[in-house]
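Asker: Sending over a structure as C-alpha cells; questions will come in a sec.
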Amino acid sequence: MNFIVTLLQKKDARRFLILALFCLLLVMLRSMLNIMLLTFLLTFLMDRLHFHTSRLLNKVVPVNSKLVLSLLYATLTALLIAGGFKLFPALINQTGQLIDLVKRVNTMPQENELAGYLVSFLNTINIQGTVKHGLEFVMRVSNWGFHLFLALLLSLFLLLGKENVVRFTRQFRTSKLAWLFNEVEFFGRKFVHTFGKVIETQLLIAFINCIVTTLALWLMGFPNLFVLALLIFVLGLVPVAGVFLSLIPLCAIAYSIGGILYIVYLLVVITVVHALEAYVLNPRLMASKTNLPMFYTFVVLLFSEHFFGVWGLIVGIPTFVFLLDILDVQAIGKPSDRSAQQPEEEHSH
C-alpha cells in the first residue's frame, strides 16, 4: 500500500498509470467507441467551423453565436440527408451493375490471356463470404445512422452549453479527486491538440485524393462525376475499407465503359493515387503539421503500417507525436529548443 502511495506521488509514474487505466477503460467500452469517436469528431470540427464562421460574420454584422451554431447544424443535417438520398440510389444501381459484371465475366468467352487470368482470379474469390460480409456491412448502416444521429445531438448540446459545461467541469479542480482531474486535463489538452492537426491534414489529403482521382475518371470518360467525387471524398476519410468500397462501383462503371481493359486502367490509377497518398502526401503533410523531420515521419509510417496494417498509416503519426509530447521530447508545432541549441554548442567546441 505504501508503495502505491509513493508511486502516485511521482508525477511521471502517476501520469503513465492514469494513461494505462484510460486505455483499459476504452477497451472495456469498445462497443461505444463509434458514438464516442463520432461525437468527438463532430464536436471538434463543428466548434472550429463555428468559431471561424462567427468571426467572419461579426466583421460584417453582429450575430448571435448560438443562432449561428444552430444554423450550421441544420445545414449539416440537411446535407447529410440530401447526400444520403442521392448516394444510396446510385450505390444500389452501381451494385446491380457489379452483379451483371460478375455474371458477364464468368459467362463471356476468354478472348485473351489477360481475361483468362482475371476469370481464374474471380473463381478463386469466396463469393459467399464476400456477400455475407457485404450484407453485414449493409445491416450496420442503420446502426451507423443511429450513432450519427446521437452524435449530432450530443455534440449540439455540448456546444450550445459549452460555457456551462466548462464552468461545471472546472469545479473538479477543487474536489477530492483534483489530482486525477488535473492529469486527465493534461492528457485531454494534448490529445485534442494532436488530433486537431492530424484531422486537418487528413481532410486535406482526402480532398487532394478526390481531385486527382476525379480528374483521372474524367479523362477515362466516367459519367456522374459529381456523385463519384463526393463518394470518393467521403470514402477517402475511411481508413481501411474506403479504398475497397470505392472500387466496387468504379469497377462496375469501368467495365460498362471499356471492358476488362478499363478495369485494369482503373486499378493502376487507384494504386498510383493511393501510393502517392500513403508515401508522398502523408509524410510531407504530416511532417509539416507535426514538425517532424521527413525521415522520422517516413520511418514511423513504414513501421506502423507493418505492425498495424492500413490503420497504422492513420494512427501511427498521431500516436508517435502524442508520445513525444507526453515525454517532453518536442512540443507539438514548436521546434525543440535543445535540438536547435545542440549544433551551436558543438560548433562552438
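Just so you know, the numbers here start at 1 and follow the chain as drawn.
Each residue, glycine too, has its Cβ placed from N, Cα and C.
Computed from a predicted structure; not experimentally measured.
According to TrEMBL, the protein carries these features:
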{"type": "TRANSMEM", "residues": "16-46", "note": "transmembrane segment"}
{"type": "TRANSMEM", "residues": "67-88", "note": "transmembrane segment"}
{"type": "TRANSMEM", "residues": "144-161", "note": "transmembrane segment"}
{"type": "TRANSMEM", "residues": "198-219", "note": "transmembrane segment"}
{"type": "TRANSMEM", "residues": "225-245", "note": "transmembrane segment"}
{"type": "TRANSMEM", "residues": "252-275", "note": "transmembrane segment"}
{"type": "TRANSMEM", "residues": "295-324", "note": "transmembrane segment"}
Asker: Taking the transmembrane segment (198-219) as reference, which of 16-46, 67-88, 144-161, 252-275 has the most Cβ pairs under 8 angstroms?
Answerer: 252-275
Asker: With a Cβ cut-off under 8 Å, give me the same-chain residues at least six positions beyond the ends of the transmembrane segment (16-46) that come close to it.
Answerer: 7-8, 69, 72-73, 76, 143-144, 147-148, 150-152, 154-155, 158-159, 180, 183-184, 187, 192, 195-196, 199, 326
Asker: Could you tell me what the rest of the chain brings near the transmembrane segment (144-161), counting residues at least six beyond its ends with Cβ under 8 Å?
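Answerer: Beyond its ends, the transmembrane segment (144-161) has Cβ neighbours at 34-35, 38-39, 41-43, 46-47, 50, 66, 69-70, 73, 76-77, 80.
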